[in-house]
Amino acid sequence: MTTIVCVRKDGKVAIGGDGQATLGNCVEKGTVRKVRRLYKDKVITGFAGSTADAFILRDLFEKKLELHQGHLVKSAVELAKEWRTERALRKLEAMMIVANESEFLLVSGSGDVIEPEQDVLAIGSGGNFAKSAALALLRTENNLTAKQIVAEALKIAGDIDIYSNHNHVIEEV
């Protein structure tokens, strides 16, 4: 359970996430880093779901990026295919948002690789709260950057979602 949100605005893409890890109904850690840079710092990924599963998937995605020389869509599709067909990976419970400077995608274990129609994508238990906040901020006249919109969306989600906190990591490309 977490909040990961991605926003594209004015040629920049930002992904942010909270840092809370829960076990059942208890907070176990508040400083988990769920957003990371990959492939020569040109790709950002954020994950929601089981932490260990997400780390495995992030490592697999990084290998796909290296294999496909940083091609985001090809790497994401190859990861989704392997995730869905490999028996051991099928049981992994996590979702990822992956982004570079021009595109961003949702990747899931059911084989989904989705490019959103709007400039916002969010996952996790607080994802709908963050997505709503980010869309509202994108639709209003303001001078906020993609990174600032992500920060505000995470604050709102953290205020509402009990499985998200206010320890945020935000990366931008």
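Even glycines carry a Cβ here, placed using N, Cα and C.
Taken from Swiss-Prot, the feature active site applies to Thr2, supported by sequence analysis. What Swiss-Prot lists as Na(+) binding site is Gly158, Asp161, Ser164, and the listing cites sequence analysis.
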Asp161 (Na(+) binding site): tally of other CB atoms within 10 A of its CB: 21
DSSP-derived structure type at Gly158 (Na(+) binding site), helix or strand or else coil: helix
For Ser164 (Na(+) binding site), the number of other Cβ atoms found within 10 Å of its own Cβ: 30
For Thr2 (active site), the number of other Cβ atoms found within 10 Å of its own Cβ: 29
Gly158, Asp161, Ser164 excluded, remaining Cβ within 8 Å of their centroid (Na(+)): Thr2, Thr3, Asp18, Gln20, Ser125, Gly126, Phe129, Leu154, Ala157, Asp159, Ile160, Ile162, Tyr163, Asn165, His166
